[in-house]
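Below is one structure, written out as structure tokens, with a few remarks after it.
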Amino acid sequence: MKKTRNVASSPIECVHLQTKPTTTLVRSFFFFLFNSQTISSFIIFYLFLCSFFWFCQSPNLTNPSPPPLSVAPLRGDANSPPPESSSSPATKSSLMISSRDPNALFSGGGISFLAGVRTVKFSYGYSSLKGKRATMEDYFETRISDVNGQMVAFFGVFDGHGGARTAEYLKNNLFKNLVSHDDFISDTKKAIVEVFKQTDEEYLIEEAGQPKNAGSTAATAFLIGDKLIVANVGDSRVVASRNGSAVPLSDDHKPDRSDERQRIEDAGGFIIWAGTWRVGGILAVSRAFGDKQLKPYVIAEPEIQEEDISTLEFIVVASDGLWNVLSNKDAVAIVRDISDAETAARKLVQEGYARGSCDNITCIVVRFEVS
């Protein structure tokens, strides 16, 4: 629209301009500044001006509630694809990255068997949501594979920081490297430690030309026969239910853990408070893959725990986007009342979002039946 101007007939007449309210306020401000005789009047006008600009630039205040979640179809819905055969590797790990709707919540799962001393039937479900973060940095992996004649199930959640590329690398390479290790079946714990270190070293070589530092946590669970082996690096977490009680199967790697702080200082590093305790004032976890500028203080050596599956009802593997707002006890209580693993995983993610999680949220639920 063209601006029109009415020229004043004398110097003392007002000039009327069809201008934006902000222009008028700015002119009024300078007029008032040079003509006001009292400091108190100036302060009142200044506060009014600040309030006006705050109101103009604030988001829509009439609709403070978050947008509704877009939900992928449940397994078995009319429009969903048929389930994959449990005899082939199941990889459901990057749907949330490729979605056209960045706010969509994705979920899925399956059912399978493992033969050990006792037959283990398990069902698993996964769910992932970008949530309130600007970008999605979580990846996850579910695999069921035959390794040297032994069926192995793998579940992993990888929470990236400084970008998603480390988490994506782990999704693509960690399990592949593990099952390639000669002693993976015969000495699983030893193989896990060696492969985690190997994968971290190979990633750092690949990262050599990257100007920006990036890293990722890893919370992993392996089902081999009737054994559950958990290995974690960072603050993604694995929690089990035993007789209805929450049992942590991993311990978060935080810089303020006394043993972690001692290890970092012994290696020549330091931790300082910057909103939370951080390694070198930068990273809020004390172990991670990647983070080349913080080696050797931030390591990818996992802590490992083994359990007999027959003593457990289910496990939850999740990124800290869930654990920041849900306690272990709360998560177990929610899953306990939901028999379907996929529905339980979806419920956990939705509950984390509803409770105000500001991070990406990804979780996997695995239910056990031992006969």
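Note: Cβ is positioned from N, Cα and C throughout, glycine not excepted.
The annotation transmembrane segment is assigned in Swiss-Prot to 29-49 on the grounds of sequence analysis.
Among the features that Swiss-Prot reports, compositional bias 'Low complexity' is placed at 85-94.
The Mn(2+) 1 binding site annotation in Swiss-Prot covers Asp159, Gly160, and the record cites similarity to another entry as its basis. Gly160 (Mn(2+) 1 binding site) has a Cβ environment of 27 other Cβ atoms inside 10 Å.
Per Swiss-Prot, the feature Mn(2+) 2 binding site maps to Asp159, Asp320, Asp359; the stated evidence is similarity to another entry. Listed in sequence order, Glu137, Asp138, Ala167, Ser216, Thr217, Gly234, Asp235, Ser236, Ser319, Asp320, Gly321, Asn360, Thr362 are the same-chain residues at least 6 apart in sequence whose CB falls under 8 Å from the CB of Asp159 (Mn(2+) 1 binding site). Asp159 (Mn(2+) 1 binding site) carries a strand DSSP state (E or B).
Close to the recorded Mn(2+) 2 site, the chain also has Asp138, Thr217, Asp235, Ser236, Ser319, Gly321, Leu322, Trp323, Asn324, Asn360, Ile361: residues not among Asp159, Asp320, Asp359 whose Cβ is within 8 Å of the site's Cβ mean position. Working note on the binding-site residues Asp320, Asp359: by count of other C-beta atoms within 10 Å of each C-beta, Asp320 ranks first.
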